[in-house]
Every structure is written in C-alpha cells, then in structure tokens.
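Peer 1: Sharing the record's features from Swiss-Prot:
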REPEAT    23-44  repeat 'LRR 1'
REPEAT    70-91  repeat 'LRR 3'
REPEAT    93-114  repeat 'LRR 4'
REPEAT    116-137  repeat 'LRR 5'
REPEAT    139-161  repeat 'LRR 6'
REPEAT    162-183  repeat 'LRR 7'
REPEAT    185-206  repeat 'LRR 8'
REPEAT    208-229  repeat 'LRR 9'
REPEAT    254-275  repeat 'LRR 11'
REPEAT    277-298  repeat 'LRR 12'
REPEAT    369-391  repeat 'LRR 16'
REPEAT    392-413  repeat 'LRR 17'
MOD_RES   Ser440  phosphoserine
MOD_RES   Ser444  phosphoserine
REGION    465-489  region 'Disordered'
COMPBIAS  470-480  compositional bias 'Basic and acidic residues'
MOD_RES   Tyr483  phosphotyrosine
REGION    507-543  region 'Disordered'
COMPBIAS  507-534  compositional bias 'Basic and acidic residues'
MOD_RES   Ser595  phosphoserine
MOD_RES   Ser599  phosphoserine
MOD_RES   Ser600  phosphoserine
REGION    629-694  region 'Disordered'
COMPBIAS  629-638  compositional bias 'Basic and acidic residues'
COMPBIAS  660-689  compositional bias 'Polar residues'
MOD_RES   Ser712  phosphoserine
REGION    824-864  region 'Disordered'
MOD_RES   Ser849  phosphoserine
MOD_RES   Ser854  phosphoserine
MOD_RES   Ser869  phosphoserine
MOD_RES   Tyr917  phosphotyrosine
MOD_RES   Ser928  phosphoserine
MOD_RES   Tyr970  phosphotyrosine
REGION    990-1018  region 'Disordered'
REGION    1070-1093  region 'Disordered'
COMPBIAS  1070-1084  compositional bias 'Polar residues'
MOD_RES   Tyr1097  phosphotyrosine
REGION    1107-1187  region 'Disordered'
COMPBIAS  1128-1139  compositional bias 'Polar residues'
COMPBIAS  1149-1164  compositional bias 'Polar residues'
MOD_RES   Ser1150  phosphoserine
MOD_RES   Ser1171  phosphoserine
REGION    1198-1217  region 'Disordered'
REGION    1222-1274  region 'Disordered'
DOMAIN    1311-1400  domain 'PDZ'
Amino acid sequence: MTTKRSLFVRLVPCRCLRGEEETVTTLDYSHCSLEQVPKEIFTFEKTLEELYLDANQIEELPKQLFNCQSLHKLSLPDNDLTTLPASIANLINLRELDVSKNGIQEFPENIKNCKVLTIVEASVNPISKLPDGFSQLLNLTQLYLNDAFLEFLPANFGRLTKLQILELRENQLKMLPKTMNRLTQLERLDLGSNEFTEVPEVLEQLSGLREFWMDGNRLTFIPGFIGSLRQLTYLDVSKNNIEMVEEGISTCENLQDFLLSSNSLQQLPETIGSLKNVTTLKIDENQLMYLPDSIGGLRSIEELDCSFNEIEALPSSIGQLTNMRTFAADHNYLQQLPPEIGNWKNITVLFLHCNKLETLPEEMGDMQKLKVINLSDNRLKNLPFSFTKLQQLTAMWLSDNQSKPLIPLQKETDTETQKMVLTNYMFPQQPRTEDVMFISDNESFNPALWEEQRKQRAQVAFECDEDKDEREAPPREGNLKRYPTPYPDELKNMVKTVQTIVHRLKDEETNEESGRDLKQHEDQQVVNKDKCVKTSESTTTKSKLDEREKYMNSVQKMSEPEAETNGGNLPVTASMKLSGNLKHIVNHDDVFEESEELSSDEEMKMAEMRPPLIESSINQPKVVALSNNKKDDAKDADSLSDEVTHNSNQNNSNCSSPSRMSDSVSLNTDSSQDTSLCSPVKQTPVDSNSKVRQEDENFNSLLQNGVNLNNSPEEKFKINDKKDFKLPEYDLNIEEQLVLIEKDIDSKATSDDSRQLDHINMNINKLVTNNIFQPEVMERSKMQDIVLGTGFLSIHPKNEAEHIENGAKFPNLESINKVNGLCEDTAPSPGRVEPQKASSSADVGISKSTEDLSPQRSGPTGAVVKSHSITNMETGGLKIYDILGDDGPQPPSAAVKIASAVDGKNIVRSKSATLLYDQPLQVFTAASSSSELLSGTKAVFKFDSNHNPEEPDIIRAATVSGPQSTPHLYGPPQYNVQYSGSATVKDTLWHPKQNPQIDPVSFPPQRLPRSESAENHSYAKHSANMNFSNHNNVRANTGYHLQQRLAPARHGEMWAISPNDRLVPAVTRTTIQRQSSVSSTASVNLGDPTRRTEGDYLSYRELHSMGRTPVMSGSQRPLSARAYSIDGPNTSRPQSARPSINEIPERTMSVSDFNYSRTSPSKRPNTRVGSEHSLLDPPGKSKVPHDWREQVLRHIEAKKLEKHPQTSSPGECCQDDRFMSEEQNHPSGALSHRGLPDSLMKMPLSNGQMGQPLRPQAHYSQTHHPPQASVARHPSREQLIDYLMLKVAHQPPYTHPHCSPRQGHELAKQEIRVRVEKDPELGFSISGGVGGRGNPFRPDDDGIFVTRVQPEGPASKLLQPGDKIIQANGYSFINIEHGQAVSLLKTFHNAVDLIIVREVSS
C-alpha cells in the first residue's frame, strides 16, 4: 500500500542532526490501485496538509480522514466515490478540493462550513444540482463543473463574488441566474456544449470577462451587447446555429480570437473590420457568399479560415492583411484571386483546395515565406512563372491523386496570354464530378456526411513544421490555457471517432451486403480458387505489388484528366474519384444506379467506393502489422485496408481548413491505401505492409491533401506487391474484365443474372477453372466480384495466372480489388481462391468478402452485385472497360482496379456484414459471442467443389481463450476467412457431397475449415478489418456480430493460438468470427499480438471498433459522468460515472455496436468480452457503478434470452446460447426500421450517406441489424440499451440457408399505397428490374425494390428498404427494365404515387 507513497517534507536539516522527527505535510498515493484510504495516513493527521489519492479505486472515504484538520488540499480525482460524506465539513482549513471523475451525485449541504475553500474541481460527476449551501463558499475563486448533469444553478449563485474561473461545459443548462451579474471578477466563463438558445443577458454585466466559450449550443445570433465586454480577448461561439452577428460586436476592442466556425452565417457585419486586434478569425463551415470589404481592417490577423463556404470572390481589401500567416479557403467557389494577395509577405500556408480557379495572379510569386500551398481540385491550366521565386515552398498540391509533394514543372508559353507559365502533366486540372451533388430520387445519402467525405477526400496533407500544429491539432484557442480538467479530450475525440466509424460502418454494411451476395458466388468459386491458390500464392505478392503500382499510376493519372489518354489510366482516374465516393457507391450501388445514371454516378461511385474502404481501414489499421508469412500477407491486405480506413477517418475529421488538413490527408490516403492494402499489400509480406503503412502514415502527415498519401502508400504497396507478384498484366486484365463485367452487370443483370454473376464471380475467381462462362456473365461476375471482392480473389497473382488461363483477365479484377484497398480480390472467389489464397494476403481479402458473400449469396448475390450500379461502374469503370477491352493496358487495368476495388472495398466491408445479413447466412449463432464460440461445439459444414455443404462436422472450439476459441468455433462461416494456402486444405474443407440446403453459414464454415494458417490469417484479417473498421461492424449479419463479440477476445487469444489451431477454428468461425478476429486476426496473422502496427489506431479504433470493449475492458469506472455517451449533451447519462469499455461486449464495430459500447456499459459481461478487453485492456480501467453496469448487462441479457430463445437449426450448429450480437439474430422482420430508434435508423454511413434504416427485408433483415441502422447521432444510453435489446431480440438463431431470415417471424406480404413528394428528389434508391443487377432482398425476383431510403428525405417515413414497387403513377413496374424504372421515377414531376408490396412479420 505504501510502495508508491512519496513523503514531501519541509526543508529542514537531516533529522539525524536534529534528533527529532521530520514533519510530514504531503502524502502522494496517486496511481497505487488502492481500494481504500491507507490507514498510515492517519498517523500524520495533525501535520498533513496535502493528500493526493488520484487515480485509485477508492469507493468511500473513512471518517478518520476528516480528522486531518490541517488539510489544505485533498485530491481524489479518478476514483470510484459515489458520495461525499457530510463530515467533510470538519476540514475547516480545506482550500482545494478535487473530486473530479468519480460517481458523486451531489454535494453535502454542510460543505458550506469549509469557509476557506477556494478551488473546487468536480467535473465529470453525475451531479444534478448544487446545494444552496454551496453558494456560501464566499472565498471560492475557481469552480469546475464540466460534464455533469446540471440543469440550473442556485438562484443565489451570485454570492460567489470572488469567482474568477467558472467552467460549466457539457451540462444541460438553459439559463443563468440573474444574480450572476455580481460576478464582476469573473475572467473565464465556459458554457460550451449546453442548451442555451440565446446569450444570457447577465453577461453584459460581467465587465471583467476575458475568455468566453459558448460553442456547441443553440444560439441563433450574437447580440450587440457582447461589445460591452471590453476586456474580452477570446470568444468561441462555433457549432451553433448563428445566422447573424450584430454590429455591436465591433466594440470588443481587445478581441484576439474570434471563432464562428460551423454556423449558418450568410454574411459578416460590415463593422467587423473594427476588430483591430483579432489575430485569428475562423468562419469556416458557414454559408458565406462573400467577405465584406471591411475585412481589410483586421490588420493584426494572422490566421483566417473561411473554408467550406460559398464564396465566389475575395475582396481586394484582403491584400491589406499583411500579417497573414495561414489562409484557408478550401471548398468554395473562387474563380480567381485578387492580385493584392501578393501583399501577404508573411503567408506560410495557403489552402485553396476544391475551388474553381483557372489561373493564379503573378503577384503570388512575392509570397517569399510560403511553404505549403494546396491548389488541388481546381481548374488550373498552369502556374504563373513567378512561382519559381518561392524559395521556401516545400509542398504544393495540384491534384487529388498526386503521389509526391513536389513534381517537376516545365516552362511553357501560354498560347492565350503569351506569358511564360509553369506546367506539368497534371495540367490542365479538371473539376471532379464530385462537385455535383447527386440528384437521384433513388439516392439515399446524408448530404452532411457526403460533404464531410468530400472534405476528407480533398485534404492536402503537408507536414509543414510551422503549420503542422495548426492543422493536426484542434483549432487553437489562441494562447489560452484552460484549466487542466480531468475530463479527457481523448474520450470526446473517441466519441467523435466512434460516430464517424459508426457512419462508416453503416456504409460498409451496405457495401458488405453487396459483397455478401458476391461472396456466395465466391463460395461456389472456392473450389476453383483452390486450384488457383497455389499459383496465386507464389504470384500474388508480385501481382499485388504490380497492382499497387498500377493502382498508384492510375490514381495519379486519375487526378489529371489527361489520364483519360491511357485507357487504363482514365478509368483509374474515374476510379479514384469514385474511390472518394466509392463507399457510397458500393453500398448504394443500386441507389446510384438510378440516381447515378446521372452525371453524378461517377462521383457517387468514387465516393462510395472510397469511404467504405477508408472506413474499414479506420478500424483495421491495427491489422496493418502482419507477419511476413503469406498468412500475414493476407492479414496485411486487410490491415492495409484498415489502415486506409483509419486514414480516411482522419480525413473526415479534418477538412480543408488548416486545422483539418492532416485528417483530410488521411482520408484520401485511405481510399488509395485501402486499395493498395487490399490488393498488393495484402499479398505483400508483413514487413512491406508495415512499411507501407508507415509510409502511408508519413504521407498522411506530409500530404494533407490525402491525395498524395493515397497514391504513395499505394504505390509503395503496389511496388511491394509487384515484387511479390509476377502477373501485373493479369491484374490489369482482370480489371478490364471487371469493368466489362460491371457494364454487363449494370445493363443486363437481372436477379438471375445476379445469381449468375455470383456464380460467375466464383467462376471468375476460379478463372482458370471456369473460362467457359459467357462473356456477359463473366463480365458481370467480374463486376460482382469487384463489388463483392471476388475481384480481390482474382487479384492474387496465382489467381491471376489462373484467370489468364481461363482467358478472363481477372488479374485485373484482382488489381481492381486491390485498388479498392480491400482484399476483396480474394474474397470474391472464396471457394476457388480460398485454398490458393490461404497462403497469400489476397486470401485474407477474399475470405472476408467471400465469407460474407459466400453464404448462399449466389441467389441474392446478384442483388449485392447490383449494388454496383452500372452507372457508377460506368462512370469510373466503363471507360476503363472500353479502354481496357480484354487486353487493356495495365494502366487501364489499374483504373478498373480502382473502380472495382472501390466497389470491392465497399463490398468487402459489406460483404461479411451485409452478406451475412442478407442471406439467412446466419452464421452459426454460436459464433455470435466469443464465449459461445468458446464453449459451444459448432457443426462445420464441409462443402464440395460446388460449395454444397457436404455434412456438418461438429468441431469443438479450441480450448484457446474464450475469445479466441470463439473464433475457432464457427461463426457465420467466413468463406474466405480461412483459406488455406494449400489445395489440400481446401479439399478438407469442401466435400463432394454437400447439401445445397445447408445454411450459407454452413458453406462458410467449409471455407473456414481450411486448415491453412494463411487462410486463417486471411480470415482473421478480415475479421480484424471488420472489427477495427466500422464498416466491418456495419455488417448486420449475425456473423458480423459474432465476430464483433469474438474479435476482442480473439484478438488477445488468437495470439496464443497456434497458426494451425487458429486456422481450424477460424474455419469454424464464421464471418463473424473473422470480423471479430479482425483485431485478433490481425494479430493472429502476425502471429504475435505485439505485431499490431495498427497499435496507433488500436488505441482509438480498438477502443471503439473492435477492441473498444477490450481496450477499456479493465476500466469499470465511468470515464465521465455521462459515461461519454454517444448522445449529445442532452442525452441522459448512466448513473455511473462511466461505463467501462470492457462492459461493451460488442466488440464489433457495427454501427449499433459502437453505439452500445458508447452508451451502455455492456450488454452482458461475456467471457469473451473479458478476454477481448483484456487484449485491449488499457491502463485506464474505470468502474462504472456496479449497479448501472450490472443492471444494463442483466437487462440486455434478459432481453436477449426473452426475445431470442435459441432456435437452432441445422445451419445453427455453430450457434451458441448467446448470439454474437443482438444484430446477429435479428429476424428479417425484426430488423425493420420500425423497431429501431430513429437515430439508429438514420445513422449516417461513413460514406456520407445516411445508413438506411435497418432493412425490413425479409431475407436481409435477419442479417441486417439495427447496427446498420445509422446512428447518425449517438443515441442516449437508454436508447442504446433498447437498441441493443432490440437487436438481441431480433437476432434470429442461425438457420439453414434455405431458412430465410423469416425463421424468426413469418412474413406476410402487404400491398401499400404511398405518395412521395419530390423534395427535391424522391429520397430513395431502387435496384432490380429486368436488366438490373439483381435485388439484394430477393435475388430471384426481377421486380424493382427499394434499397435505400434517405433518412431525412421525403420517403423516410413512407418506404423501407425491401419494399417492392409494383406501380408508379399508373406505370406498371412489373417486368420493367432497371434503367426504364429509374428514368420514369426521375421524369415524374412533384409527387409520385407508388403501390408497393411490403413483407411484414405476421
């Protein structure tokens, strides 16, 4: 107990000389893991003046402690105190009291007896009100009550006239008592993140106020009386709804930092130029159309951020701001810059990303101190020759996909102006289709998210020493230092990250659904894959490297329109753009089909493709560190994609503005990285992966555009891959084929076609084996593969070789998948490639997507493939297709790769989650939880070459730690998860006699059975990816949930398991396990936990995504009063200070999972959770009040048991008593939106689209869980708990593949008439139709189905995903072509009367 005690004594001579005892005045027992106050303290009670008991686990204070009447300072932050004893009144000499980060609900009334108390720190406690006696602490000078539950302050609060610092951030305050006008000595007032709708009038009297925070409220205007605060130097009113700033503000003559970011300003007051001392003005993310001429009066300004507005021109007076050092105007509509801008002699950082600039003024050559300039995504034709004078310029970004910060410039004479200019291969820049917002009725995406993604994609990542801090750190609050509140910013950031991840996960979920369909086909292809595996094993690395190189080239080319000259490159360019939008596209391919048939198709594609990958990367970066073995390679692929995702997250958080630059860079990098990771990196050895990641990370820091980052990491990956692979050409060919396939699929795919595609995808993956497929079918399958990740399978060099043999150019597909950053290449042909890929990183990718897809995906796969809308593919890939033809050059292949990769990325994420959801792929429920996996025996179904389950094998989970074992048990089968490196393994897995009836889950188990460690790794890797990245979690399928649960445990446990064991269990595991393995798999693949390169991400991502629970597993203490609930400040918080991550069993990164973990301590304490947590266990274990956590757990557990009596079916052999996740077992009906809270349903996808509410689709819903429902906003804890319960209740036990998600509920068809008003569009997306790519809900149905509904759109309350449209405005939609249905819906004016058929659970 006293080991860490430090005794500080007054400076006195040595007691040996004095012959007397020294006087102990200070004791420090901080961080000693104490559960009670040490008794030895009381021996010094007469002399003790300062006592530090910080960061222990003390639950109550002994009475003796309050006999220490000499005590001046009592420090008890970060403990488990629930009450403050009334006897504290005995400490009459107490001056400083710190009880922050506990579970204290109220102060005792008699605290008023502590007359000399001057500093009280009580932040992060569930304090709902202050006692009246509190206002009698007349000597109080500093009061910190951040992050509590205060709704009001005592009426006589104004008695505290000596207050100098008052922090009340993150409460629920709506007003201040009028008596506060007496607080004339108040210098700092923080009212941020409360519920104020107007600035309290009492502020006008606080004449001494210097720093004022009121960000994150609901203000609509800034009153002029703020101008009376003449001493005010810092004013933060960002993140409100401010539409007007009154002119009286101009009298704040000492104002230095003025933050107006993220409001609704349309103009600034003309008097703003009177603020002569302002050094920082942030007006980004508003609706400004111009800056007033008076802005030139801000003579002292050094930083001006007006990014994300609608400014078309800058006033010439801006040239008067001669002290300007950082200027950001990203994402505006600037067509030219005033020549006066050359007067900025001190400018060092200039951000002009994403505008409409065609020329730059010569005067910019006078900016002698300019170090970083971002000119990407404009319409520049050249650069002024005066740029040669910029001697200090260290980074210049000219395009979205630039691989290096500086590129050689050549002198040329401009034909129009006859002036000497600088140009290079990147000019002329052309605007990206991304600028066009989607105008499709069928689109269902979140504009805000979309905008956020745009920001992310468009960021330049420069590592400029001078401005690095500005960009990477949150916006500076001047030089002000806030009191070091114990409330950890990391937690808030984590919450934000989780939100982002959740959004992405949802996007991924959608994508994964598509991927699943493909996966089913992939299962079929698995056998062929096995044949190709050996080849791919040897060649995959090289091929992947080649692919990466190609991808990089394509990316670079993509950035410039000139890329079009290269057949391959042009598509790549489109793909890159798509990669930005790809996430959306993959997930919303159908939506895009209709909506994107428009010009925005390409954009959407890119966006869709990119975000999902990025999302995956975010959570999966940990996986980056993979072993050098092929197994590791497979992991690498996943980890790479994870890494990409991670980067994308950063990008999302940071946009153009300097403060956001670094993040945005990551985003861009992510998309490219994802691609590279998926394909080349996966195949590359762990070392190369780590290097690549490091490079990526470096690039991220260096290139804030993120464009560069993407390319360079990918290039490196690709280079490595090339080294590994010898079939770069094949990759290209594959890409070409993929493009073709995409076309075919888009134009021809019917539900049958979709199935065919799925089969074809499998065949294609097996290219060598099935060369016979019709070209159309092959093309389609390629498309699907790409979307699903089959392409990734193809990507493996061996596979490529095989593909070449078949005569299909699937190597290109492979490349494409790689481009996506998913190892979808592998996944698409799980059956065929599994064995082959087992040894290569590609395998991992395949297993992920394949797993998801393979479960009976063949039927619905078409639908998933359909998700790839032709339009989208065409935008990015069709050109490539034309260019590529069958023998397109490698660059075209790269382009195709990108497009398909993008799709694939999306698919990969969606694959496991969505596909599983889609199909009754109910992976074995047993896999649902790690504990289940651990304890339960699972029946592994072996599949023959045709992917038919041969006979269930009952496999007892390995005795590995719960989490790990669980993975071993079958979760939803991870089709590609455990591809073994050798064909023999494959044989083991597949038995000739397989029952097609066996659950899709069963099929995956077959794949899973592959014993190859490489396969295992791939499986794990995918899991890890899923877990790490939200997109993985987005998967609603049970497998997904299982993985989620298992992942944390697995993460830790997998390390311990031998590679072989892992493989076998991995096989047993289903997609879920694989997902859960993601974190663990990453480690598993590495073979050692230390390996996780993603460690960086781990801390964050793991916490939230896969390791989230695990990371915080130890911490039972609430981190904050609100337990950092995802909810906004208003959401209710748990009673306990903070839930432990450990409590959150859903290690899954699924959207809902994130929500749970955020809000509810844990659904139930699972052994798996424990182990998982232990894996990620961070030091900061905190205990939530036992009551709260246990109640929640019991509540959830009980609900689960109530609602999900396990109904095991043959397919459920793997099923444990617990379901991996509530999500896992949702019956399709149960998953319908109506069961979920709106917030969940509306969760934005990472893509930037709103995650469609849970799909009510009969088949889908089962796999599709609320997690898919977007949690655009963090739901309140109660909501989360309910949501979890809902999920649990709806999780249907796994059943045979034939059993539809209906297993839980009988579905009745109901015909409904609805009227949708266009505003401005219909707000939903469709798929299917006689030429469509299939219907994700009913692959065998050629009807038109609703696939997405825009959460806030006109159809949000009328339609649900899965609704079949029978008639629209009198036009029959039966046996109608997809394109015709889209065009009809688009041509209808105003309103559309629809007759739909909805399946309702009876």
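A Cβ is built for glycine as well, from the same backbone N, Cα and C atoms used for every other residue.
Give me the structural setting of these features: burial, nearby parts and distances.
Peer 2: On the 0 to 100 pLDDT scale, the repeat 'LRR 3' (70-91) averages 95 in this prediction.
Remark: secondary structure over the repeat 'LRR 6' (139-161) totals 3 helix, 3 strand, 17 coil, with classes taken from DSSP.
Using a Cβ-Cβ cut-off under 8 Å and counting only residues 6 or more beyond its ends in the same chain, the repeat 'LRR 7' (162-183) has close neighbours at 123, 138-156, 189-197, 200, 202, 205-206, 213, 482-483, 485, 487, 1122, 1129-1130.
When Cβ-Cβ distances below 8 Å are used as the criterion, the repeat 'LRR 8' (185-206) is approached by residues 146, 161-178, 212-223, 225-226, 228-229, 236, 482, 1129-1130 of the same chain, each at least six residues removed from its ends.
Taken through DSSP, the repeat 'LRR 9' (208-229) splits into 5 helix, 5 strand, 12 coil.
The list of residues near the repeat 'LRR 12' (277-298) in space but at least 6 beyond its ends in sequence, with Cβ under 8 angstroms from a Cβ of it, reads 238, 253-271, 304-315, 317-321, 323, 328, 475-476, 478, 655-657.
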Peer 1: Looking only at the repeat 'LRR 16' (369-391), how are its residues distributed among DSSP helix, strand and coil?
Peer 2: 5 helix, 5 strand, 13 coil
Peer 1: Summarise the repeat 'LRR 4' (93-114) by DSSP state, stating how many residues are helix, strand and coil.
Peer 2: 5 helix, 3 strand, 14 coil
